[in-house]
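All remarks here apply to the structure that follows.
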Amino acid sequence: MEKLQLWLFVLAGLSGAITQEDLYRKVFVFRKDPSDAHVIVKPEPEQPLQNFTVCLRSFTDLTRPYGLFSYATKAQDNEILLFKPKPGEYRLYVGGEFVTFRVPENRMDWEHVCAGWESTTGIAEFWVNGKPLPRKGLRKGYSVSAEAVIILGQEQDSFGGGFDLYNSFTGEMTDVYMWGYGLSPGKMRAAYQSLQLPPSALGWRNLQYEIKGDVAVKPRLRDTLII
Ligand SMILES: *[C@@H]1O[C@H](CO)[C@@H](O)[C@H](O)[C@H]1NC(C)=O
Ligand SMILES: [Ca+2]
């Protein structure tokens, strides 16, 4: 089963559906609820990670649980996962464990989050709309495996699949980035403000992505711009 899935994944890659694009001022619109639609993003890191930062901006009126950023390996489907179990709460998973961050309830506006983790201390940072929450910790000494499938808008329970349609994301998503290191506080704020950011292999200004199902790329609506 897993082999078949992997093979299908390879075939999909060979069919040339992967696009690379500067998505500046564009968004992914996940239209259907519930849905198995998702976006595969690349590249996955070349080496295991001792540090990482993931940032993205989303806009939804969902109140049920949903997955935003799902980084799965063959050994661990929740290798890195940004998950929102309910309004006012985020979970950050690293290596199958998670910490919960309580956040102000979304006031029907875009919400920007950055999650950072470092292996040496296990410290996890979580920034919401440019402000840090109290730091927590998990998986000290762990190293995040490199061979991964990275998916937006669903939560993987197996390598590249195993979605629960009732954990799918519906709404709009933009400004997705992943760095293999921790960002300084200044850069965390810059990410929120859409300012100049350090180079990232996986980033919104040069995103390699493949849309699977009902997801559209659209210009961001001007009246939702925060700056
Ligand atoms: C990870 O971050 C720690 C703490 O900032 C740093 O000491 C270490 O060199 C980093 N490791 C890698 C592989 O970048
Ligand atoms: Ca999972």
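Glycine is treated like the rest: Cβ placed from N, Cα and C.
Annotated in TrEMBL:
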DISULFID  Cys55-Cys114  disulfide bond
DOMAIN    24-223  domain 'Pentraxin (PTX)'
SIGNAL    1-19  signal peptide
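Non-local neighbourhood of Cys114 (disulfide bond): Thr53, Val54, Cys55, Glu125, Phe126, Trp127, Leu183, Met188, Ala191, Tyr192, each in the same chain, at least six residues away, with C-beta under 8 Å from its C-beta.
All protein chains shown were included, and the count of other CB atoms within 10 Å of the CB of Cys55 (disulfide bond) stands at 27.
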